[in-house]
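What TrEMBL says about this protein:
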DOMAIN    78-239  domain 'CP-type G'
DOMAIN    87-237  domain 'EngC GTPase'
BINDING   Asn127, Lys128, Leu129, Asp130, Gly181, His182, Ser183, Gly184, Val185, Gly186, Lys187, Ser188, Thr189  GTP binding site
BINDING   Cys263, Cys268, His270, Cys276  Zn(2+) binding site
Amino acid sequence: MRGLVTKSTGSWYLVLGEDGTRVECRIKGKFRTKGIKTTNPIAVGDWVNYEQEPDQDSAVITELEPRKNYIIRRSVNLSKQTQIIGANLDQAMLVVTLASPPTSLGFIDRFLVTAEAYSIPAILVFNKLDLFSEEGLDVLADYMAIYEQIGYPCLAVSAQDGTHVDAIRSMLKDKITLVSGHSGVGKSTLINSIEPAAALRTGKISDWSDKGKHTTTFAEMIDLSFGGKLIDTPGIRELGIVDIEKNELSHFFPEMRERLNECRFHNCRHINEPGCVILEAVDHAEIESSRYESYLSIYHNQETRN
Ligand SMILES: Nc1nc2c(ncn2[C@@H]2O[C@H](COP(=O)(O)OP(=O)(O)OP(=O)(O)O)[C@@H](O)[C@H]2O)c(=O)[nH]1
Ligand SMILES: [Mg+2]
Ligand SMILES: [Zn+2]
């Protein structure tokens, strides 16, 4: 039988069969992704084949279908362990908060680079709008302008009181959307607000560290009653880049990509080369300096390959 993986705990998987039944599955045999070592061989969003175990309620996954795409991360800086966050996605929504807990621009950029590397359209949702002071709203507007200018859709919402949540709904219809972000930014609260039937567990922010408490521990796919699916995921602290070469990194910054042919040298690294249009654009504030800093930070990190 063929089915879609809707929940993964690492040791068992919940699979929605094409006949509409849900069954708990275990894995047998080895599943590999293009030679990449992952801590989870099968992820939510994967299509699999499985066989019912005789005299039991459970089944065994026998085959993993090739993935259209996926979002992958290195769990700790420079570790070889990688984790597939979700597979076969139509788009990815990064939930961001400027405070409680803070999300850095560097983290946002790493997420966007990963999505670009697999050609997955990304949406930025700035949550907890109800907490913003006048000053905070100015910073929010600046942040949103950076990403809107590049072409990423940005929304400011409050999952708690429902402000602007309707605008998100219309972007989700009939699509499979991965929801990611730091712990405590309100991913599960937002999904509950979009689809109350989901009834996901949510958790308070720690008083002393201003960080989330990793309330969601497993990735899980939620059906949207108006069409489409959302994947709730555990909060991530860091997003280590996987499988990107230094010389292709600039292609994953859309505002750099559109200028690349104009550098004097075809193999320009955009670091200190004469006639580099990227450096020129940064100088003229046509490319945001925070974005360029993220480029340099990822470029110089050993996580990207020569
Ligand atoms: N003020 C305010 N609080 C919010 C909002 N959205 C979520 N919260 C609160 O933020 C805390 C964390 O929310 P969760 O939905 O559990 O966060 P999460 O991103 O799912 O966190 P993990 O599952 O740990 O990754 C809870 O106390 C929520 O009530 C919001 O729009 N405004
Ligand atoms: Mg959660
Ligand atoms: Zn250049």
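Keep in mind that glycine also has a Cβ here, set from the backbone N, Cα and C atoms.
Curation does not apply to TrEMBL; its annotations are automatic.
Taking Gly181, Val185, Cys263 as the candidate binding-site residues, the subset whose CB lies under 6 angstroms from any atom of ligand 3 consists of Cys263.
Between the listed binding-site residues, namely Lys187, His270, the fewest other CB atoms within 10 angstroms of a CB are found at His270. Compute the center of the Cβ atoms of Cys263, Cys268, His270, Cys276, which mark the site for Zn(2+); besides them, the chain residues with Cβ within 8 Å of that center are Leu260, Arg264, Phe265, Arg269, Ile271, Glu273, Gly275, Val277, Ile278, Leu279. Here the CA atom of Asn127 (GTP binding site) lies 34 Å from the CA atom of His270 (Zn(2+) binding site). Among the residues Asn127, Lys128, Leu129, Asp130, Gly181, His182, Ser183, Gly184, Val185, Gly186, Lys187, Ser188, Thr189 said to bind GTP, no two Cα atoms are farther apart than 19 Å. Listed in sequence order, the binding-site residues among Lys187, Thr189, Cys268, His270, Cys276 whose CB lies under 6 angstroms from an atom of ligand 1 come out as Lys187, Thr189. Spatially close to Cys268 (Zn(2+) binding site) yet at least six residues away along the chain are Leu260, Gly275, Cys276, Ile278, judged by Cβ distances under 8 angstroms. Listed in sequence order, Leu140, Ala156, Val157, Ser158, Thr163, His164 are the same-chain residues six or more apart from Leu129 (GTP binding site) with CB atoms under 8 A from its CB. Each residue contributes its Cα atom, and for Gly181 (GTP binding site) and Cys263 (Zn(2+) binding site) these two points are 34 Å apart. Here Cys263 (Zn(2+) binding site) comes close to His270, Glu273, Gly275, Cys276, Val277, Ile278: these same-chain residues lie at least six apart in sequence, with C-beta atoms under 8 angstroms from its C-beta.
Ligand 2 lies within reach of Lys187 from the binding-site residues Asn127, Val185, Lys187, His270, judged by a C-beta closer than 6 angstroms to any of its atoms. It is Thr189, among the binding-site residues Asn127, Thr189, whose Cβ has the fewest other Cβ atoms within 10 Å in the structure shown.
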